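Annotated features in TrEMBL:
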BINDING   Leu300, Arg301, Ala302, Arg303, Leu304, Lys305, Thr306, Asn400, Lys401, Cys402, Asp403  GTP binding site
BINDING   Thr306  Mg(2+) binding site
COMPBIAS  29-63  compositional bias 'Basic and acidic residues'
REGION    1-63  region 'Disordered'
REGION    122-152  region 'Disordered'
Amino acid sequence: MPSRVYGPTDPDSWDPLTNAISPPSDESAQEREIRIKHELEAKQKSDAIDEDLNRQRAAEKKGPKPVRVLLLGQSESGKSTFLKFFKLMHDPKAFSAERASWRAVIQLNVVRSIHVILDAMTHPSQPRHDPRKQITSSTSSSPLSGEIPLPEDTSDVEPELIQIRYRLSSLLQVEDFLTRQLTPKDYSEVGTTQLAPMNHIKHVATELAINSSVPWKQRFDRLVGKGDTERMIIDWDDPNDPGKILHACGEDMIRLWQHPNVQQMLEKQNLRLEEMAGFFLDSLSEITAERYLPSDEHILRARLKTLGVSEHQVKVSAGSDIGSDWRIFDVGGHRSLRAAWAPFFENNLDAIIFLAPISAFDQVLAEAPKVNRLEDSVSLWASIVANKILQRTDLILFLNKCDLMAAKLASGIKLKDYVYDKLFEKKVCWDIEREFAAAQNILLSLYLGHGYTVNTESYCKHQGHADARLAETLDSSFVNAMTRKWDLRRTCEVISPPR
Ligand SMILES: Nc1nc2c(ncn2[C@@H]2O[C@H](COP(=O)(O)OP(=O)(O)OP(=O)(O)O)[C@@H](O)[C@H]2O)c(=O)[nH]1
Ligand SMILES: [Mg+2]
């Protein structure tokens, strides 16, 4: 770059630093010699530091590269849950340090489910239009702030339930308080996201969503005792702790949920709350206990919708010979958020893990109530497989939510009412175990194409390179952990398609 020399006659160009380091005008020959010697020594020192830094940088380049994994899939496919599992397995201390934050999310999940019931009570005898397309995983509640609406016709509602409903109005304060805590004002992108209204539901559904860049977990640090992160201590004397109101409302919430009339009403309206993400009404006595701290299993079940893309560093201690430094990128799967994925496709990825929730075959998207979730998931997977930029990236397909799928089949919901396969034409009478396996294979063939034999183990072994080892690490540690933690026969399948 051309330099400009300013003379002492140019007052505007006078630079104090140049002035400070330039030799004095009356410097003697001996002083000059000493100064030059010092300058030479300083230069040698500076060069040595530069060389050192260059050596360090080169060593870092040669050293083991972090394993970079991108999680993809539609909203509620289980991406963030996968990440939680992974942290729990490989860095349980860090997982535990987030316990107080997840406690708040679980409390909010509970309040939301109760609100759905109270909403349903406002039109108790109104059946939903199409039971098959009933959204169960996404909410059907009105925004939780404001008032809990009065039933349109109270003659149908038992007086006991009306009283419970009035007493539970205090839950609104909990909702407001927790939402404010989780969504700080200085982050304008954050907040409850309005989902598309459904034609058969009067109210606009809302779900709490948080941008990944928001340090929301840190907001709960003050609630957590310092020191031993394994034994978290909440400030139980805090008068603002929402746990106090939840505790006071505990019995009413349990009575409401277990009331035969409420169950009947929910059934009539085809509201399957059990399938709603963040369902905790079966654990109310635990969650409303005076000193409730979430278990690992509760943390895994907690639902908080993701906005944006976030990078998570996990130190994988054992069981992986492909590197201990893992970087996992979690994204929001809502349709409006998928455009944000593209910049991460070129990010030196080792693998993309695609979460396919196979239990979603009878559901529709919250953001597009006419689109079947399975159809959306399969076409999303197909577009990722076909993406030119990803031709050299390994793709791993996770068939997730197998437990919910098994429960659905056991409850009498038939896959053949939603998906065609020639297997269904054979009038074979399967027991539920075999029906589950068959249904899983039918769904898998939708993703991978008919005729492809699924054999995860042999595929991984035959490949014999780093990518297969990655799939193997996930397969062995993740699947086992999922099975153990959720106490399920099997909750997912890992499949690496041939590329
Ligand atoms: N029963 C069951 N529940 C699961 C499974 N995987 C995830 N879930 C639950 O499904 C809900 C949604 O999961 P998330 O991990 O939040 O979904 P996501 O893909 O991150 O969704 P977005 O952030 O909206 O893109 C959570 O309440 C999870 O606990 C599974 O295999 N079985
Ligand atoms: Mg998420």
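Cβ coordinates come from backbone N, Cα and C, glycine included.
No curator has checked TrEMBL annotations; they are predicted automatically.
Proximity of the binding-site residues (Leu300, Ala302, Leu304, Lys401, Asp403) to ligand 2: a Cβ under 6 Å from the molecule is found for none of them. Under the three-state DSSP scheme, Asp403 (GTP binding site) falls in the helix class. Look at the compositional bias 'Basic and acidic residues' (29-63): DSSP puts its residues at 34 helix, 0 strand, 1 coil. Within 10 Å of the C-beta of Thr306 (GTP binding site) there are 21 other C-beta atoms, taking all protein chains into account.
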